[in-house]
Amino acid sequence: MNTQQLAKLRSIVPEMRRVRHIHFVGIGGAGMGGIAEVLANEGYQISGSDLAPNPVTQQLMNLGATIYFNHRPENVRDASVVVVSSAISADNPEIVAAHEARIPVIRRAEMLAELMRFRHGIAIAGTHGKTTTTAMVSSIYAEAGLDPTFVNGGLVKAAGVHARLGHGRYLIAEADESDASFLHLQPMVAIVTNIEADHMDTYQGDFENLKQTFINFLHNLPFYGRAVMCVDDPVIRELLPRVGRQTTTYGFNEDADVRVEDYQQIGPQGHFTLLRQDKEPMRVTLNAPGRHNALNAAAAVAVATEEGIDDEAILRALESFQGTGRRFDFLGEFPLEPVNGKSGTAMLVDDYGHHPTEVDATIKAARAGWPDKNLVMLFQPHRFTRTRDLYDDFANVLTQVDTLLMLEVYPAGEAPIPGADSRSLCRTIRGRGKIDPILVPDPAQVAEMLAPVLTGNDLILVQGAGNIGKIARSLAEIKLKPQTPEEEQHD
């Protein structure tokens with residue numbers, strides 16, 4: 001952002017002129033990095049710390065940010081404010097140093113709320129589908145020439161970034177319920193895609209507490225704001241009478257205000273009709289597979305229609321939608337002969353879904369688009385608590401694939417829980433008699449253990465939220481072929 005644009009911003013938020021240097025602890029996370037990227041483009045001095053470099057930190061360094069790959073007290077020196085990720089503990093040396101120096105320490109969502117305060121905010125919340133829906137809304141607004149600012153939890157592939165500073169009045173942001181920090185946001189429009197039991201440690205294990213928190217989030221809307229909610233979701237349907245704001249519903253359900261009908265999937269694309277009140281039916285081609293993505297698109301269309309965006313711009317954006325990183329992310333199709341001597345090919349798809357509902361949606365999309373493929377899943381459970389709490393749901397969903405390889409649970413800082421490990425989950429699935437899961441004890445063995453199960457007509461789903469995304473990319477780079485020691489030596 002040039003000096004004139006920065007001056008304009010600071011005239012809108014005059015108190016922000018006091019802030020020069022913003023430091024982020026845990027800056028490598030997608031949500032943290034996205035906000036840092038917007039602020040860097042607004043002209044603020046950005047620094048941050050994390051334990052290891054990744055594409056997010058590299059992008060920020062390209063923008064001039066100073067990144068430390070350690071956590072030391074001196075990193076916060078001269079900072080005007082410190083922004084902290086929910087993954088960072090209170091005894092982090094930088095947090096302690098900031099408190100001692102009386103530097104304000106705020107959560108990520110508080111900074112996002114400041115960015116949203118003087119813009120027309122559109123916040124996308126819900127247990128599943130937030131990232132993709134945020135990208136769809138952003139794509140439609142960009143196609144309509146509205147030049148929105150967006151902050152997303154995943155890579156928006158069309159833009160090549162998680163976040164972008166626009167010069168229009170709209171800020172479109174993913175709203176995170178995992179730590180209840182979305183309560184800081186005060187948007188004009190809020191989408192809620194669905195509500196399920198997840199991140200229950202934040203809500204003291206009380207689902208009623210989680211539901212009430214979503215109601216409180218919606219009541220942050222002004223009385224003239226709008227809640228856009230998926231009426232197919234039973235919890236949302238239950239909560240609708242308690243939402244004291246204007247609402248628009250969407251879904252496959254017949255009483256939805258924006259209704260999806262005649263859905264058909266052909267390969268990676270969904271084709272369906274959207275029925276809207278007082279509008280002509282809209283026949284949509286969506287460049288994203290699965291009924292769940294048709295619902296995400298319906299939410300985006302509901303918001304865009306309310307804003308008065310013309311149908312042609314909406315349709316162009318959805319047909320050309322490039323998706324988000326690690327959401328049914330097609331990494332390539334590879335010949336099998338170099339892998340195991342068989343003729344034919346294997347498709348490789350990477351997906352972030354780590355809740356049974358998300359995994360189920362991904363499997364259904366794969367089956368609908370490629371019904372004749374041998375469906376092979378490499379799955380990495382994420383967190384011992386989630387594996388424990390949703391154990392039976394995982395066991396039921398994972399039996400739907402033809403072949404299952406499972407990595408050890410990605411702990412995300414948690415201690416192991418007896419019976420909530422991958423070996424136990426494999427044993428339970430095997431006992432149900434549908435498939436015989438293969439436990440992969442070492443990620444370095446994935447290519448070697450994957451090769452023998454491929455038939456020549458395969459779709460491989462690499463599924464999970466831990467470090468499994470790196471495994472997916474490494475498989476794509478070596479085209480699924482296990483490397484020999486000689487090849488590894490020369491890399």
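Keep in mind that glycine also has a Cβ here, set from the backbone N, Cα and C atoms.
The shown structure was predicted, so the numbers you read here are calculated from the model rather than taken from an experiment.
According to Swiss-Prot, the protein carries these features:
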BINDING   Gly126, Thr127, His128, Gly129, Lys130, Thr131, Thr132  ATP binding site
Output field, ATP shell: CB within 8 Å of site CB centroid, site Gly126, Thr127, His128, Gly129, Lys130, Thr131, Thr132 dropped: Ile124, Thr133, Thr193, Asn194, Asn296
Binding-site residues (Thr127, Thr132), the one with most neighbouring Cβ atoms at 10 Å: Thr132
Same-chain residues at least 6 apart in sequence whose Cβ lies under 8 Å from Lys130 (ATP binding site): Ile124, Gly153, Glu174, Ala175, Asp176, Thr193
Count of other CB atoms lying within 10 Å of the CB belonging to Gly129 (ATP binding site): 24
Number of Cβ atoms other than its own within 10 Å, given for His128 (ATP binding site): 21
Number of other Cβ atoms within 10 Å of the Cβ of Thr131 (ATP binding site) across all protein chains: 25
